[in-house]
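Report on one structure; see the data block that follows.
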């Protein structure tokens, strides 16, 4: 369980903070800025006495720490519960790669809406839920809990690890660690946005909006790659030595799985013979452990250290592409009649 917690914590701290802050930035801004024309997305007002008092008070006297703590606490609790459910139900609810790709594309679309609204694009704010654009200061708990419905790509990878833990405590440990890893950056952003003056606050919101759009574009690419709808050319030279044929007549293509990618990323093999793909991991904890063959809508979580064999059948001339569970890293085997 400690390993699962550490895996989630490392993923959250290393990559999840920036990615999730971009995706969930609109909710964060709404939680820490309950009022003011540049506080959230578009004009807002104070609809109750508490909100009015907060609006009238100078920034230094508004209940920023309380709102930020409520947002982060609700986010942590919601993800812990989600992780427990994913771990408890295990493979029964494990989505196929194509399903997760669609979820990533939907998340990217929502990101694009938030980013456009934060930049003040006319009419976009009306397409978003009312609670995300006004009155958010009255519901930081709800906004924090709502982050489970706006997952970033790294979160989806952590959720996959939670599913494969096969128990509630393990699943909760993964997502709890993940959210804890993202909290430092969320705290800094929340304090900056919440305590800033009106001019600086507007600039921060605009900058965050640009970042949201950039991450949305990146998420679209990852989702398309995960579904097999877009297969960019793998980098690096073609490795002619990755494939070897044993006495049993079976061709073995060996790939080393590292945290930063797959080696080789391009392998050459002979078509028309029985072939297996051998994946070797050595203290690998990154998203590359979630191995996906998009064309076959197949995924498999690799061990941290070990060797996994996947039967590819008797491939025809052509290519077989693979990617990690987040669509970030990938590779390709090129099958030729005479390699």
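In case you wondered, yes, glycine gets a Cβ from its N, Cα and C as well.
According to TrEMBL, the domain 'Urease accessory protein UreH-like transmembrane' annotation covers 59-218. Annotation comment: TrEMBL describes 247-331 as domain 'EfeO-type cupredoxin-like'. Residues or ranges marked as transmembrane segment in TrEMBL: 67-89, 101-121, 141-162, 169-192, 204-227.
Long-range contacts of the transmembrane segment (169-192) within the same chain: residues 1-2, 4-14, 16-18, 20-21, 25, 28, 31-32, 64, 68, 71-72, 75-76, 79-88, 154-155, 158-159, 161-163, 204, 208, each at least 6 residues beyond the stretch ends and with a Cβ under 8 Å from a Cβ of the stretch. Residue counts for the domain 'EfeO-type cupredoxin-like' (247-331) under DSSP, split into helix (H, G, I), strand (E, B) and coil, are 6 helix, 48 strand, 31 coil.
For the domain 'EfeO-type cupredoxin-like' (247-331), the predicted model reports an average pLDDT of 89.
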